[in-house]
Amino acid sequence: MEPVERARGARPLWPAGAVCGLVAAFAGLAVASLAAVAVRPESAPLTAVGGAVVDRTPAAVKEWAIRTFGTSDKPVLTLGITVVLAVLAAATGVLAVHRLHTGLALAGAVGVLGAVAALGRPEASWRDALPSLAGGAVAAGVLYLLVTTLRRPRPAPGRPGGTWPMDRRGFGRIVTATVAASAVAGLAGRRLGAHGSARATASRADLVLPPPAVPAPPVPAGADLPIPGLSPFITPTGDFYRVDTALVVPRVDAGTWRLTLRGDGVARPLSLDLRTLLARPLVEHDVTLTCVSNEVGGPYAGNARWLGVRLADLLREAGVRPPSEGGPADQLVARSVDGMTIGTPVEAVMDGRDALLAVGMNGAPLPFAHGFPVRMVVPGLYGYVSACKWLTELRLTTFAAYDAYWVRRSWAQQAVVKTQSRIDTPRPFGRVSPGRVMVAGVAWAQHRGISRVEVRVDDGPWSPARLAAADGVDTWRQWVWPWDAVPGGHTLQVRATDGSGRTQTGTRSGTLPDGATGWHTVTVDVRPL
Ligand SMILES: Nc1nc2c(c(=O)[nH]1)N[C@H]1C(S)=C(S)[C@@H](COP(=O)(O)O)O[C@H]1N2
Ligand SMILES: [Mo]
């Protein structure tokens, strides 16, 4: 087709071109999302591209994103990708008005890009490419239809022999029809997707967790101090931090879930369903979970009462021996339904601590966001090396032979939780009245326990804080230090000593590669309120 000449006095074509591009993209996305229902949610173009971005983001940028956007980092990412796609689509439409074939090729190329992103995701099969390819083809088709209609000369009534440069009525009709059809397709995709997750939701609602064979003792009196602003000893499930790479929370149907166990030194590989897992004796145990990305004083720590199966028993039954008993595997690689891999030292899992295949959190089945139906919980290790959610496979191997997901992204292969303490109240840059102020917070050194917490003001001497009752070595411990605050600006600092007698270092280091160090420091303004 020849580039069109705009008749004198006619409207510019580029706004209509942009509309062509946007409508074509909308149609493509709608069809792709419908197709993704048949493949898997992760294969939908926006999700696939978002996932690819997450997979490839350098650790430092990811730390920045978590720091800046917190748990809304994912919606922000999705919005960003949508905006980029919209701009690209509009530009493609404008281009197509003048160079149709180039525009069509570009639309197709965007589809191919989505397909490549989808194929690059963990656990992807060739089918993951289909939604984006179908979307690209539909977008190109719609673009062709719209642009050719737009460029079709139309006899101008009342002006013999004259033409309008565009068939506006036909164009409008096609735009309306396409948008309507795409909306229907998109909604249908949603409905069908919701249907799949409805089964998962029902399977969670129907799940009755058996009572623990080994219940956790009640939280001791005095472990949970009634101080305003202090983190509650047990974090309510709804407030529990969430850190993962999933742009759509996997909703696993408990009825079809299976866990396999295989690998080096596994004499009897296992494949079990949830019913079989729940038939085993369940133990209940309080464990504080911490993220390696948590900065000093940060929010990515939470304490819950977990219910689960002792992983060590399961491994023993399968014939696994830890390295200290001559077993060939030193790494247990957990794999989730969305392809996350998390490597944990076999020795830690089998050394007698309550490493769990958890099914319950604070008295209920795991929420979907926290790994329903089964996740790992290992006291003492950061989440990225121990706490795989939506667990589906356990494989025994060595650290020498295999690097898990985060290790390939420059995090340490093994990472024991570092002793940390946090001032919860007063808040940073808060204002307090002179006189008695309750300085309080939590300290953790999972699986070693907390033996001492000290506070100091303005680089003065360290004073011991009062420790709340200990629930065990695997949970954080509250502390409180009554302070006689005098007017002025003051700096509060806290440090903890773990059960082995080692005091938390004041040397500041960032979260990469194995967890932040340093003393939490809070500046407050003491003034009559
Ligand atoms: N499948 C899966 N499991 C995962 C992750 C993930 O990205 N995917 N993130 C890990 C990290 S880094 C942490 S800190 C914990 C957080 O668990 P939570 O979201 O239940 O608090 O989950 C771990 N398990
Ligand atoms: Mo984490």
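Placed from the backbone N, Cα and C atoms, the Cβ positions cover glycine too.
Over in TrEMBL, the protein carries these features:
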- 499-511: compositional bias 'Low complexity' (COMPBIAS)
- 248-405: domain 'Oxidoreductase molybdopterin-binding' (DOMAIN)
- 496-517: region 'Disordered' (REGION)
- 12-39: transmembrane segment (TRANSMEM)
- 76-97: transmembrane segment (TRANSMEM)
- 104-120: transmembrane segment (TRANSMEM)
- 132-150: transmembrane segment (TRANSMEM)
- 171-189: transmembrane segment (TRANSMEM)
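Summarised by DSSP class, the composition of the region 'Disordered' (496-517) is 0 helix, 6 strand, 16 coil. When Cβ distances are compared across the two stretches, the transmembrane segment (76-97) makes contact with the transmembrane segment (132-150), since 3 or more pairs at least 6 residues apart fall below 8 angstroms.
If you look at the transmembrane segment (104-120), the same-chain residues 6 or more away from its ends with a CB under 8 A from one of its CBs are 24-25, 28, 32, 42-43, 45, 48-49, 51-52, 55, 85, 88-89, 92, 95-96, 126, 128-137, 139-140, 143-144.
Note on the transmembrane segment (132-150): residues 1, 13, 16-17, 19-21, 23-25, 27-29, 31-32, 35, 43, 45, 48, 89, 92-93, 96-97, 100, 103-104, 107-115, 117-118, 166-167, 170-171, 174-175, 178 of its chain, located 6 or more positions outside it, place their CB under 8 angstroms from a CB of the stretch.
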